[in-house]
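Notes to accompany the following structure.
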Amino acid sequence: MFSSSILTIISSIDNFITIIVNNLKKWWSDITLQTRIMAMTTLMVSLLMSSLPSGLKLISKQETRLVDNRFGKDLSLLLAVNITPILEGNNYLQLQQFIEHFYLSTSSIRYILVFNAEGQIYYSIPFSSETVVNLFSLSDYECLRSEIYYFSNTPIVNTPNHLEGEIIDIIIPLNKEKKLLGVLNIGINSNPTLTTSSQLTRDVSVAVFVSIWLMVILGAAFNAFTITKPIRELLTGVKNIASGDFHQRISLPFGGELGALIFNFNEMAERLEKYEQQNVEKLTSEKAKLETLVSTIADGAILLDKDLRVILVNRTAIENFGWEGKDIAGSMIIDYLPEDINQQLFPALNDIVRKNFLEQSLCETQEICIKLQKNYKKTFRVLLTTVLDYKYSILKGIAITIQDRTEEVELNEVKNQFISNVSHELRTPLFNIRSFLETLYEYHDSLDNRQKLEFLAIANKETERLTRLVNDVLDLSRLESDQEYPLQSMDLVSAIEQTVRTYQLSAKDKKIDLHIDIEENLPCILGNYSLVLQILANLIGNSLKFTHSDGIIVLRTYRINDSASKLNSTPLQIQKVRVEICDTGIGISKKNQERIFARFLRIENYVHTLEGTGLGLSIVKNIIQKHNSEIHLYSELKNGSCFFFDLIIAKDT
């Protein structure tokens, strides 16, 4: 556990050192080359200048040490000459007095040690014998005995490190007629001026080093505030202007040429800003004109750039593709178009881009017809036109014009169906009339009167059928014109009874119960009598046509109150008469309910069992609109249908 803790600590220290090294490397790499060269030059100059006092100090120290060594040798020889006779006479008291006197009279002596011939301490000052044993290694003297013997009275100079301060340690043998009497060890303090000069030299070196760096830093700061800062401000301003930001200004209190440069820069930026504002206003005005023009176009318009991103789209295109509330400007067109449109449109767009960029050919306008069949049926006519830079023939964008031809296609289909139906309906009675008349003409001698009357009756019936068909077409044409139909007070009950009497026999033949339910005292309504008769006839006729035997048809009328708003927002109750024609017929699907009132459309187009021109309900809708009302339908497939509309009650009622 202890070893794992140590490993964890070592790993943490290693990671810490790695982080520091990496940060230093990153810091150094972020420094510019010019700054690195300046820093290295400053470091070399500062080290060189600060090393000069140290060199002088070293030379002075060597000279002082030589002087101290000579002084120590002379002093030790003088002391040895005086001590040798005393040591020879083994006069310890005299030796003690002499050495103490010599020690006290000479301030430069740090200590005096006297050893006998066996290397034992004979006398020491100012240390005791125990201290000498602890501080000095006596084995050194044992090693020197042989050397001392041979070198006679030659002093040996050492520099001990077991005492504080600069000390010259001198060892001199005490010989008498080549007999070793002992060893004298003197410690002499070094010249105090040497220590003082060393400290002064160190302080001067540090001061020189710091002064050089301080001067460089102050110079760099002065340069940064007086030259570098305005240059950086100018560089930033130039970059901003190059990027299109003309609001950049420099406000620095400088005079001279630098101040003139700043002033001219600000003046240039101000002129560019005014020029940009003028261009923006002009472009905005032109864009507004273009958008207004595009928005008034009935067709959808989309402008793409060369990367097929939307630049402009008008209201018609937004409504066609359901882009209300979506900000598609700057987005890829394929991200917002339905999938089936993309499948047909995107290859054409890619083909235009490819021809203009790869083949360098000018692509003419392309026309595409797109039919949607999935969610809803729509037909679009799409025109793709390239937008080129005619100076360099480079593709700048693609203009897409979208024409919604759904209604046109549907009308063409309905018209074709109508023509087919009318042609068939006209051909059938005409063929029947012609056949029976030709038969009467060719075989009139062989036919009896009963057969002739029967043929004439059939021809007359077909003539009536042909007349109704022509009348329906004429009625619809007349109703869709601007012809005015006067509305006046009329008896609705009378019109209902007249219509019911007309169709009562047909209902009886089909075993259908035709029932009327009229509210008592029903007031007169405001309408056109002949047109109201036509409404009732068409609706009852349709009910009879689509109701099977044993079915029921109910015609119901009653009064209702309809709320309308006056100018002061106070509700105004308007009395109306509601007319309902309900049956238990085949019913109408929800899909067909939305189109049942369209022109030229018949429900039998989907049933294929009944006859008709498909104009009846369209005529009814137009007549009711002439009466300032709307017709409504509620129907369930195979359960029946109910048509109802409201008519305004006449004021004189």
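Cβ atoms here come from the backbone N, Cα and C positions, even for glycine.
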Of 39-59, 102-122, the range Swiss-Prot labels transmembrane segment: 39-59
Predicted model, mean pLDDT over the domain 'PAS' (286-356): 78
Secondary structure content of the domain 'PAS' (286-356), with strand meaning DSSP E or B: 39 helix, 12 strand, 20 coil
